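Here is what TrEMBL says about this protein:
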DOMAIN    B:58-405  domain 'Amidohydrolase-related'
BINDING   B:HIS66, B:HIS68, B:HIS214, B:ASP302  Zn(2+) binding site
BINDING   B:GLU95, B:ARG147, B:HIS187, B:GLU217, B:ASP302  substrate binding site
There are 2 protein chains.
Amino acid sequence: MTKRKWMIKNGTFAVLQNEKPVLRGYMVIEDDLITYIGEEQPKVEENMEIIDGTHLFFMPGLMNTHGHTAMSLLRGYGDDLALQVWLQEKMWPMEAKFTADDVYWGTSLSVIEMLKGGTTTFLDMYDHMDQVAAVTEQSGMRGVLTRGVIGLCPPDVQNHKLKEATAFAKDWHGKADGRITTMISPHAPYTCPPDYIEKFVQTAYDLDLPIHTHMSETVTEVEQNVRDYGLRPVAHLQKLGVFSRPALVAHAVHLTDEEIEILATHKVAVSHNPGSNLKLASGVARVPELLKAGVTVSLGTDGPASNNNLDMFEEMRLAALIHKGVSGDPTAVPAVESLRMGTEYGAKSLFLDGVGTLAPGMKADFIALNTDQAHFLPHTDFISHAVYSASAKDVEHVWVDGKQVVKNGICLTLDEEKIRREAQSAFERLLTL
Amino acid sequence: MTKRKWMIKNGTFAVLQNEKPVLRGYMVIEDDLITYIGEEQPKVEENMEIIDGTHLFFMPGLMNTHGHTAMSLLRGYGDDLALQVWLQEKMWPMEAKFTADDVYWGTSLSVIEMLKGGTTTFLDMYDHMDQVAAVTEQSGMRGVLTRGVIGLCPPDVQNHKLKEATAFAKDWHGKADGRITTMISPHAPYTCPPDYIEKFVQTAYDLDLPIHTHMSETVTEVEQNVRDYGLRPVAHLQKLGVFSRPALVAHAVHLTDEEIEILATHKVAVSHNPGSNLKLASGVARVPELLKAGVTVSLGTDGPASNNNLDMFEEMRLAALIHKGVSGDPTAVPAVESLRMGTEYGAKSLFLDGVGTLAPGMKADFIALNTDQAHFLPHTDFISHAVYSASAKDVEHVWVDGKQVVKNGICLTLDEEKIRREAQSAFERLLTL
């Protein structure tokens, strides 16, 4: 088969890994890979399609490293409530009624929002994961998928759930032309007994997969961990072997200096979810200290019911803003660091090689922002504009694995109108049950 | 002259002042006023234009109560720097070079961003205010304009500046069909000697105008005030008579309980600027306590060089999010309160009667959001969606004083392409000086 080879000319590109993080020039894509990026114009070959990038800013696709995307069906259904009221009276009763179909449409609604907003890779931890995988496959998006298991149930149910999680991880890892990878996920230390978590660690060894879990999101759960197991969550998970695997923990809001050290030593990655942590009043994670200690920190939206959107530009902006305001240091988390958290460090957190930067040999997962807009002027510093001024809706085009999935703001792979209709119906049906 | 009378049918309307803050139904507009809003269909008169509002959410126009809009020319020119470095090495040297033309194009750039993003009223405190007034008049926007005066200069320069500020306030108050009102603005207690501030108070009495000033933005300036005058800024301004006038203070980040009391007693309004306060690492204002004490708190973007956009949806979201995260209370600043801060309380802060809510007899300053979008689904709670999920770019139509100024996302009153070109040239020229 002939390779498809095409070139962007006169573009402005984010090359955050370089000393000069913005480059004006050319990028060549061959099938699913970037093969050239630089200031010099490469040789134009016969039949090479050339796209003019004059009014576009090209960035690596954004990587959303923690979420429960089907919860979009509950967006706006209960806000501004105390955490336990929100969970016990709003989320859990509704989620208990979710069918495979609901997960399909809820995930589709989220995937279309994410793709149009420039997110090219998402991690999803939920139930009915076959549905999530099906949507991922159809959409052309890259997905790191994992059945999140709550273990507060009798042993036979525990075993059934673990088997289901294992089968899913095994069946789907490497599928959809390699766009789908999987992880192993005990939900959290406070929802899984220690011996159950150890079984997940064993499974992760058996399948050679990374582990993903919630950790230290609230003060309450940290205190409960100490009460129940005599240890704070980090030492507890370390003891259970979780950090002997490649591991990504979500939230990590409440950490001691010693815990930050342990995460750094074991190369545990952290998915920082600023929007959700603020909205649920969980607190402000110690991101500057984590970064200083060498921990890989990436960004996640969490579920759309606690955010309430999936705009990763907003998470990058929050990450760049709140740590300045809270620490009193205006140099905390500069724009370029925040953009790396949303891209390169995201890839690292998800244990994905070959995505997250624009460089030769990397997968062609990238997005283009329209720079001809009032809030991107003057054309001073596109890194600053992308972090401090942009939003999801500034994204014009999106490519994943070399294929265009969003063009002029329209998703090419999914039927948006149908998805919006079906998601609304699904929510209305859930209300009647 | 015949009145223009038209109706929106099947719309969803934010009526935040009512017990039920969302209404589905009809709104009638006659010239510059709303004359009906309700669930019942009013009588359709001959020649009455009818607009279908089925897929639109109508809200009062947003009110940006503090800013320096011409600073859009410096957007992205210096971020992530210590405050004094940013001011002394980046902002002040460039601003010193600003000509009237620069202010004209910088303001135009900001006004077009604000209008397209659903802001119908803005406060501007800057220099070359005749230019700002000219842009306001042309754009159809509502503006509360004030020459911000720094008084660290010899008496003759002080006098000249005061005269200029007075003349501007007198000449433009009530102009542009009443869309322009003015205020009197000593820049801040730390940039104006006490006797100079007293002259501004006298001027405010003479012209019967409100006072606007910066106050207690940083810890440093509060400490300096105590050192220089033996009082914290609130007591200092109170002593100088500032609060004997209708007054709006910007920032008010660092306040004691006693200071909050004084502001409440004197009905001093506060313009909360969460984005700018975070970005400049000034801190987090005590908004829940201010609201609880009965202080009118509204929202402002501050200048676009410290934000870096003029998206008031983002300020509403930040106001609803950060106070939850910092206080640990998920019920702090609920969505509906944040939306009122962005609209109704904005009008109150600016001492404008007849704008800020959708109700009969109010000015027809309102906006329409397109609800047929993934991030507005399901259609659970549009107040929640507007605060937690929306952004400037969800705004489809904007009306000010009954006249449409944005239609399908395009500004009808200003030439956007020309403004973008001129703003870029102005910035490039400033760089060469």
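Note that Cβ sites are derived from N, Cα and C of the backbone, with glycine treated the same way.
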Most Cβ neighbours inside 10 Å, all chains, among the binding-site residues B:HIS66, B:ARG147, B:HIS214: B:HIS66
Statement: Least surrounded, by Cβ count within 10 Å, of the binding-site residues B:GLU95, B:GLU217, B:ASP302 is B:GLU95
- prompt: Between B:ASP302 (Zn(2+) binding site) and B:GLU95 (substrate binding site), what is the CA-CA distance rounded to a whole number of Å?
  reply: 16
- request: Look at each of the binding-site residues, B:HIS68, B:HIS187, and point out the one with the fewest other Cβ atoms around it within 10 Å.
  value: B:HIS187
Integer Cα-Cα distance in angstrom, B:HIS68 (Zn(2+) binding site) to B:GLU217 (substrate binding site): 15
Integer Å distance between the CA atoms belonging to B:HIS66 (Zn(2+) binding site) and B:GLU217 (substrate binding site): 13
Message: How many Å separate the two farthest-apart Cα atoms among the substrate-binding residues B:GLU95, B:ARG147, B:HIS187, B:GLU217, B:ASP302?
response: 20
Field: Within the predicted model, mean pLDDT of the domain 'Amidohydrolase-related' (B:58-405)
entry: 97
- request: Would you identify the secondary structure of B:HIS214 (Zn(2+) binding site) according to DSSP, in three states?
  value: strand
- prompt: Applying the rule Cβ within 8 Å of the centroid of the Cβ atoms of B:HIS66, B:HIS68, B:HIS214, B:ASP302, what extra residues of the same chain belong around the Zn(2+) site?
  reply: B:GLY67, B:MET125, B:ALA250, B:HIS251, B:SER271, B:ASN273, B:SER276, B:GLY300, B:GLY303
- request: Determine, to the nearest whole angstrom, how far the Cα atom of B:HIS214 (Zn(2+) binding site) is from the Cα atom of B:ARG147 (substrate binding site).
  value: 13
